[in-house]
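Copied over from Swiss-Prot, here are the features:
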BINDING   C132, C135, H157, C160  Zn(2+) 1 binding site
BINDING   C147, C149, C173, C176  Zn(2+) 2 binding site
TOPO_DOM  1-201  topological domain 'Cytoplasmic'
TOPO_DOM  223-238  topological domain 'Extracellular'
TOPO_DOM  260-285  topological domain 'Cytoplasmic'
TRANSMEM  202-222  transmembrane segment
TRANSMEM  239-259  transmembrane segment
ZN_FING   124-183  zinc finger
Amino acid sequence: MASKDSDVRCVKCQSLKPTTPLTGQDRCARCVAINELKPWISTCNINPCYDGDLSESNETIEMMDINSCREDTPSDAESETRFMPFVAHSKQPKHTSKNPTKGEIQYFPVEKCKDIHRVENQSSIDEEGKQCWICRDGESLPEARYCNCYGDLQYCHEECLKTWISMSGEKKCKFCQTPYKVNRQLSLKRGLPGYWDRDDRFVFIAGFIGMGTILAGWIASFFYLLVVLCGKYFTYKDVMIVVGGLAIIQVVGLMFSLFMYFQIGNLLRQYINYMTETNIDPLRT
């Protein structure tokens, strides 16, 4: 028959455990240990009615505490997503409460401002005003518009546009691709371009003198041939003089043409462009 002490049950877990006679406790050693750790256990949300071995109770409590802390800790991916820098342009969702409870963390979606470049451009336009898109000068801008561009690209000086067309060779707007109404007219009122140096002027003038000399030789040979052929008497020597003269003029003219092409061809094109007056009719006003 079991002794009286062995029949005593723990008032907490009802296990057959003898009480401690010195202190008079009516709980087993396991329940006494749990009771001492009760404040710490309550913070970790651990069930105090653990049926495991007493020797493993402390380790089990520690493992449960670690697992509970891991559940409350956000993952790396969530932390990277949530803790993104807050942008001034981001908007707060409508479903979020205005007065969050204490300890509650609210995360707001980060939205990139799509119109930041447009806003900056618009502010610069408002500050600087109207400007020519070629020279960036806002003085004496004409009211005429030469293409279908709007905004800051519609303003342009006529002289700036003429220079741009002559230098680039384009005959339409590079933004809206609208063809310019360009009228070219050759004018002999201008002299040599002022941006030519002394060497350019000398080569250009010498080239025209050479062309005039060749043309004069052709004309003289032609009239001499007419005089010889129309005469009643002409010798073989007269015919050879005419043929030889024409051959020499032909060779000299060919060589001079090559010289003109390689030496003053660029100068001749510059002179033609300089002598040509370019007028651009406005597309709208």
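For all residues, glycine too, the Cβ spot is worked out from N, Cα and C.
Using DSSP to sort the residues of the topological domain 'Cytoplasmic' (260-285) gives these counts of helix, strand and coil: 15 helix, 7 strand, 4 coil.
Of all Cβ atoms in the shown protein chains, 20 besides its own fall within 10 Å of the Cβ of C132 (Zn(2+) 1 binding site). Secondary structure at C132 (Zn(2+) 1 binding site), taken from DSSP and collapsed to helix, strand or coil, is coil. Long-range contacts of the topological domain 'Cytoplasmic' (260-285) within its own chain (CB-CB distance under 8 A, at least 6 residues past either end) are made by residues 142-148, 158, 161-162, 165-166, 178, 180-188, 190, 192-193, 196, 200, 203-204, 207, 210-211. Here H157 (Zn(2+) 1 binding site) is positioned 13 angstrom away from C147 (Zn(2+) 2 binding site), judged by their C-alpha atoms. In this structure the alpha carbons, written CA, of C160 (Zn(2+) 1 binding site) and C176 (Zn(2+) 2 binding site) are 18 Å apart. Straight-line distance linking the Cα atoms of C132 (Zn(2+) 1 binding site) and C176 (Zn(2+) 2 binding site), rounded to a whole number, equals 16 Å.
Tertiary neighbourhood of the transmembrane segment (202-222): same-chain residues 192, 196, 242, 245-246, 249, 252-253, 256, 259-260, 263-264, 267-268, 271, selected by CB-CB distance under 8 Å and a gap of 6+ residues from either end.
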